[in-house]
Structure formats: C-alpha cells, structure tokens
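What Swiss-Prot records for this protein:
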- Y133: active site, proton donor/acceptor (ACT_SITE)
- K161: active site, schiff-base intermediate with substrate (ACT_SITE)
- T45, I203: pyruvate binding site (BINDING)
- T44: site 'Part of a proton relay during catalysis' (SITE)
- Y107: site 'Part of a proton relay during catalysis' (SITE)
Amino acid sequence: MFSGSIVALVTPLDTDGEVDYNSLKSLVDYHIKAGTNGIVAVGTTGESATLSVEEHVKLVMKTLEFADGRIPVIAGTGANATHEAVTFSKLFHDSGVAGCLSVTPYYNKPTQEGLFQHYKAISEATDIPQILYNVPGRTAVDLLPETVARLAELDNIVALKDATGDLERVAITRELCGENFIQLSGDDATALDFVKLGGHGVISVTSNIAAKDMATMFALAAQGKFEEAEIINQRLMPLHNDLFVEANPIPVKWAAHRLGMITHSDIRLPLTELSLSAQPTVEQALKSAGLLK
C-alpha cells in the first residue's frame, strides 16, 4: 500500500506568507515525473503547525486536485488534542486521500495507554488507512513498539513512520506486528539501512529536491540491488544530513528555492529563513549531490 520514496512535501509560500498554489502545482508535477511513490501533504515539512484549519484542508484538497489520481496523496492529520485529530481525519472522508499520517500528540506527553487510546479513537472514527508517526525528538513522547503492536491489531492502522533513527526497532516492530505491517523510515540518513532490515520505504525530506534519485534508490532496494542503491545514497548523504543544519523545513525550503523549484523560500514564524552562515553548507550539499554545478 505504502512503499518506496514518499515525499514529505514542503508548503510553498509567497512573500506575504500565503500559500503559493502555482508553486505547489509545479511541485506535484515534478514528483509525478520523477517517479516519487507518494506525497504527504501538510506534514511536519509542510509546516502543519503554523497553518490554519482552513489552509490545512485546502492544501490537501488542492494537492489531490493537482495530483489528479496520478500519485497517492497522504494527508497530515496529527494534533495533540484527540478530538482535533479525529476531526481532521473525518474531514478527508471520501476525499480520495490514500491515507492519513498522524503524529503522536506533542507537548502534553501522554502515557503509552494515552497514545493507544488516542489512535484507537481516530481508527474508530474513519475508514481511511492510518499511518502512525513517531518522532520523539519533536514531540517529547516515544511511541514504543509494544504500543505499535497493540495498534496494529486495529483494522485501519496499517503503517508506522519511524523517525527515531533507531534501526534496532525495525526487527522488533516486524516481530511484534508481522511482516505485513508497513514500516516507513522518517530519517533520510538511515532510510536505506532501514529498508535493508525489512522496512518498506521512507517518508523523505531529501526527496523534495532529489526526487528522481530517491525514487531510483528505493526502487533498486526493492529489487535487492543494495550495492547500486548505496552508490546513490552516499552521493546524497550530505543532503540527508545538511538539510537538518537548522530546523526542518528551513534548509529544504531554501534549497528548493535555490534550485528554482519554488518561487520564494519564505517560511512562517516562529521559523525563520535559513541563516546566512548556514547557506554555504546547504549549497555545498547540493553540489555534492550533483544538483548544482
């Protein structure tokens, strides 16, 4: 259902801080042409935390419109209030989204039982396939494999995006949840190793600007051609790392603008544009990846 290179899409903004839908359409077309396996609209990289509900819904619906059935679209629907996460998921009922990506509740630090009940409530409210999203570095809570296993027993909880970077969890989760439960890396730097160990793909920041390379790399991995995939991975490794020289999505939006993929690199406060001191680092990573001369 979900595999390969799925992009965690940036949300392009104009200089007034409004969504730039012309650039969004160009990005969707770029990913279709590059062979990207799916698009996550309005996730962390899409600045979900600083979008209004109206903007959030419109962004997902416009992404679906621009995709026009040519590529699966996954809606970011996470919230730290369960009723809000349920509402978001229900808003996309019959919309055509392939799934919902729901981050663990952040800031309020629920227990493992609280996390289970949170996702159970979402699961019971909608038939849309749900992807759990564990990123403790941002949320201050860790969705443990044992809790994932409980959730995997629910009908429409089908996948996990694991952004811990802990490769030992792949085998643990596979053992607890079975091989049919989809595991997606949320960490570009370790994603290929994640797949080697039994994962199914990646929800990627790097793919925003190196979509064809990422799609090719994970297609090779799916064929067991890991040596060929690793050649691409090593070339992209500076990008994997340096796109986090400042908080995501600051560097990747700057890089997308530098490559002419979006009209502006604007980002909403409290995030600010990439600092002058960090720009040479990202520029060099683009050159190392072969994206700039």
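The first residue you see is number 1, and the count goes up from there.
Backbone N, Cα and C atoms are what each Cβ position is placed from, and that goes for glycine too.
Feature map: Swiss-Prot annotations on the structure.
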residue : record                                               : DSSP (3 states)
T44     : site 'Part of a proton relay during catalysis'       : coil
Y107    : site 'Part of a proton relay during catalysis'       : coil
Y133    : active site, proton donor/acceptor                   : strand
K161    : active site, schiff-base intermediate with substrate : strand
I203    : pyruvate binding site                                : strand
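I203 (pyruvate binding site) has its Cα within 10 Å of the Cα of these recorded positions: K161, taken from T44, Y107, K161. Each residue contributes its Cα atom, and for T44 (site 'Part of a proton relay during catalysis') and Y133 (active site, proton donor/acceptor) those atoms are 10 Å apart. Taking the Cα atom of each, the residue listed as 'active site, schiff-base intermediate with substrate' and the residue listed as 'active site, proton donor/acceptor' are about 5 angstrom apart.
Separation of the C-alpha atoms of Y107 (site 'Part of a proton relay during catalysis') and the residue listed as 'active site, proton donor/acceptor': 15 Å, rounded to the nearest whole number. Cα of the residue listed as 'active site, proton donor/acceptor' to Cα of T45 (pyruvate binding site): a distance of 13 Å. The recorded positions Y107, Y133 differ in how many other CB atoms lie within 10 Å of their CB, and the one with the most is Y133.
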